[in-house]
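These come from TrEMBL:
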type	residues	note
TRANSMEM	A:12-32	transmembrane segment
TRANSMEM	A:44-65	transmembrane segment
TRANSMEM	A:85-107	transmembrane segment
TRANSMEM	A:116-139	transmembrane segment
TRANSMEM	A:175-195	transmembrane segment
TRANSMEM	A:216-240	transmembrane segment
TRANSMEM	A:260-281	transmembrane segment
TRANSMEM	A:288-313	transmembrane segment
Amino acid sequence: MDQLLYASEVVVNGLMTGVMYALVALGFVLIYKASGVFNYAQGVLALFAALTLIGIQQGQVPFAHLISAVTGMHLDSFGWTVPSLLAILLTALVMVGLAILIEALVLKHLVGQEPIILFMATIGLAYFLEGLGDLMWGASVKSLDVGLPQGLSETVETMTDSLFGYGFFIDRLDIWATVIAAVLVASLVAFSQYTKQGRAMRAVADDHQAALSVGISLRFIWVMVWSIAGFVALVAGIMWGTKSGVQFSLSLIALKALPVLMLGGFTSIPGAIVGGLIIGVGEKLFEFYIGPMVGGATENWFAYVLALLFLVFRPQGLFGERIIERV
Amino acid sequence: MMPQTQQAATGAEPYITPDGRKIGGVLMDLRNITLRFGGVTAIKDISFDIREGEIRAIIGPNGAGKSSMMNVMSGFYVPQEGEVWFRGERRPQMRPYKVARLGLARTFQNIALFDGMSVLDNIMTGRLTMVKSSLLEQALWWGRAEAEENRHREQVEKIIDFLEIQNIRKTPVGRLPYGLKKRVELARALAAEPKLLMLDEPMAGMNVEEKEDMSRFILDVNDEFGTTIALIEHDMGVVMDLSDRVVVMDYGRKIGDGTPDEVRNNQEVIDAYLGVAHD
């Protein structure tokens, strides 16, 4: 009985971790759906968003090092702090600006190129953004606090304690992440299924010429998609940054999104969620049951092995579009 | 009857065709269009007009520059010289999606459909730019959104019935055979309620039966909706039965322009099609 209770606690925690993975995977799916491009820069986008958010919040002067190196002036801080909500809003605007720049400086010049070329461009973009983030906001490790509650949720503990005689340990941040992710996903699905901009986005993903011929502006759609991906990156950056601090390694969460995408399919928003949940629960349960037998630390590789198995038996993922070839 | 048609076709006065359709004033006027790709001149100083309500064909052998001409008309190519006039105004240089919003719908020689979407969704995209309700209303299915969606849906269903593709409404377009894809593309263009419908080789690669079907649809569209149609074809036989007036192109030049009968008897046209020995 105790074993079962432990296991269910593991499952619940796994689900919450899964939500965090799904948050990252979502950004990939959005851009892949709209342009058929695997956006290597998505993880760095989350890092950049988190850095910008902290910078704005704390009233940091952007490019402070550069300014002092060039002019000799030492401007570290404007001397004010910005309330979290306003700072998030401003960061979202910065991400929209970034999307406009990416479209104008990179994508516009690559219209009609093979997806692999665009993929290479996103690799370049990733390194550029990483450097830009350092240059703008400094390379030190920072902590992010936008007022999201953290730590043991006592409500859940006392509730489960009185129900099962065993208190579940659940981080309040994880609960919030779940709620926020649910709202985000619901609005993204509603947007892409029911609005004209969302439908235009799907059209652009499918065929550029056809999209133009029905009056859709490719450039507008691209800016829009990258803005949304930037916003999703911001949400992921807030969640992961609050959890484990903002530093370069934040951009590596992108690697955790890969197996999620292979499981869920690159083109499906629900797929990203379900894939994230399966991997979150799977790796926690595997670690709980099998981990002790093989010396632990299975969480590092379990997701990738699961993804490999999927690649063999269902390459399009759980929810991906069937690959139809007419010969 | 012949002289009368001939005279009406060249003048700007509205007239009634022998089969009772009304042909109005000039809808699109192409003036001295020249299009070059590097050193190659694809279109050489071509002028012609398209009148409201007519079916206007552009024909010519392969490589004559027909598709380039249609790309100029739809804004996909920008000519080096010449002017495009539409509804009495000179059309400034604009991107293809803006041209589409002016009321010019087109199909493509190599079919450009959204393969991942169903037939119905494909056709609905033709009406995307007409959607008026706000983003929030659409996302929440609230306010004007529902009534508007239903209205668009009704129009699209009419077109589906008209083109007799009811039984494939929900089929993903990627799975359809070639002939049906062509028909879906026509449906999507029609959904936009275009002022000018441009068809790039609507019958290319079709068998006789499919060609007959497509000819019938083109005539019916023109007849029932009064849609002005410009179409490209290299099969002369089909075109002659369909169109009110024909432009003939060869090596980027215009070598004939007039009613099918006039064009058929034009020596230069005959030479271009049959080939002629140059000595």
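Placement of Cβ uses the backbone N, Cα and C atoms for every residue, glycine included.
Those TrEMBL annotations? Automatic predictions, nothing curated.
Across A:44-65, A:116-139, A:216-240, stretch A:216-240 shows the highest tally of CB pairs under 8 A with the transmembrane segment (A:85-107). Counting Cβ pairs closer than 8 Å to the transmembrane segment (A:260-281), the top stretch among A:12-32, A:116-139, A:175-195, A:216-240 is A:12-32. The transmembrane segment (A:12-32) makes no contact with the transmembrane segment (A:116-139): fewer than 3 of their CB pairs lie within 8 A, with pairs spaced 6 or more apart in sequence. Distant neighbours of the transmembrane segment (A:116-139): 35-41, 43-45, 47-48, 51-52, 54-55, 60, 62-66, 102, 106-107, 110, 248, 251; these residues of the same chain sit at least 6 beyond its ends, with a Cβ under 8 Å from one of its Cβ atoms.
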